[in-house]
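> Once you've had a glance at the structure underneath, I'll fire off some questions.
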Amino acid sequence: MSAGAAGGPGAPGAPAAGAPGGAASGTPAPVRAPKRPHALREGVARVLFATAAALSIAAVALICLFLLVNGVPAMAKIGLPEFLFGMTWRPANDLFGIFPMIVGSLYVTAGAIVVGVPGGLLTAVYLSRFARGRVGSFLRSGVELLAGIPSVVYGFFGLVIIVPFVRLLGPGTGLSVLAASLILGIMILPTIITVAQSALDAVPARYYEGALALGVDHEHAVFKVVVPAAASGIMAAIVLGLGRAIGETMAVVMVAGNMPIIPDSLLSGVRTMTANIVLEMGYAADLHREALIATGVVLFVFVLLTTMLLSVIRKRGEAR
């Protein structure tokens, strides 16, 4: 055999061309990162999240405890029927009937829903299915700006613009149920628009595309298919707007007139439960102060019922 044949590819001692880990490959073995720092970060994050959740629950529990401890005894002293259904609020004479404030809150909230829901839903549909390009971006920025405006600015706008307009409609000062409803209707627009638009955007594209495939035009596909499919999310938007309207205070104080009577028309003054607490808590003492806290208990029950209604609507939507 020749020397060239001995040095061929089959010669003993020569490394194979494709052998792993050979000297010719030059690839170092991968080094695994230690797992302990990653596990430590996960543990710290878990503790932080659990602490934040516990603090949130504790805050809600303390608020509930404060309301119950200070409000329920006042209801017992005054008498629950007299407190809830009494027609006169006159602390100087120990008369603490909040029924006019309950009715006033319901009137103003209902008016805000009538004003805010149609415009909010139509705006949400437009932003979700019709607005494109710069127009859509501009309108979305406007909605975000509305959400960030302080309530006192809304109240000042209502006092300067809306109240004089309402004054032209009939007798009175313009500080009325109508003025409060209009300003609250504007204030709940961002909530309704944002939540309803999210619900519309979450509708599967195949619903809309299937409607178009059947020969339906764009408008009918949106209003006959997409909007009904997002019904649960739209209802959630309305309920959240309702909760915002019930709890609003400062703007209502500035434009509602603050009279603790049952209004006989939209142009009459009104006082809501939140306004009653804000206006009198600064100087209230003894039973008067406890009655205001009891008013907060009633308001808390209203908000709790709203939250429960929202939960039911969401569960029904998930079931569908």
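Quick reminder: no glycine exception, Cβ is built from N, Cα and C everywhere.
Not my notes, these are from TrEMBL:
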type	residues	note
COMPBIAS	1-11	compositional bias 'Gly residues'
REGION	1-35	region 'Disordered'
TRANSMEM	47-76	transmembrane segment
TRANSMEM	96-124	transmembrane segment
DOMAIN	102-310	domain 'ABC transmembrane type-1'
TRANSMEM	145-166	transmembrane segment
TRANSMEM	178-200	transmembrane segment
TRANSMEM	221-242	transmembrane segment
TRANSMEM	291-313	transmembrane segment
> At a threshold of under 8 Å on Cβ distances, which of 96-124, 145-166, 178-200, 221-242, 291-313 pairs most often with the transmembrane segment (47-76)?
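Checked against 96-124, 145-166, 178-200, 221-242, 291-313; highest Cβ contact count belongs to 291-313.
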> Take the C-beta pairs under 8 A between the transmembrane segment (178-200) and each of 96-124, 145-166, 221-242, 291-313. Which stretch has the highest count?
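Most contacts with the transmembrane segment (178-200): 96-124.
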> Go through 96-124, 145-166, 291-313 and flag the stretch with the largest number of C-beta pairs under 8 Å relative to the transmembrane segment (221-242).
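So the stretch in question is 96-124.
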> Near the transmembrane segment (145-166), which same-chain residues lie under 8 Å Cβ to Cβ, leaving out any that are not at least 6 residues past its ends?
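Answer is 172-176, 178-180, 182-183, 186-187, 189-191, 194, 248-255, 267.
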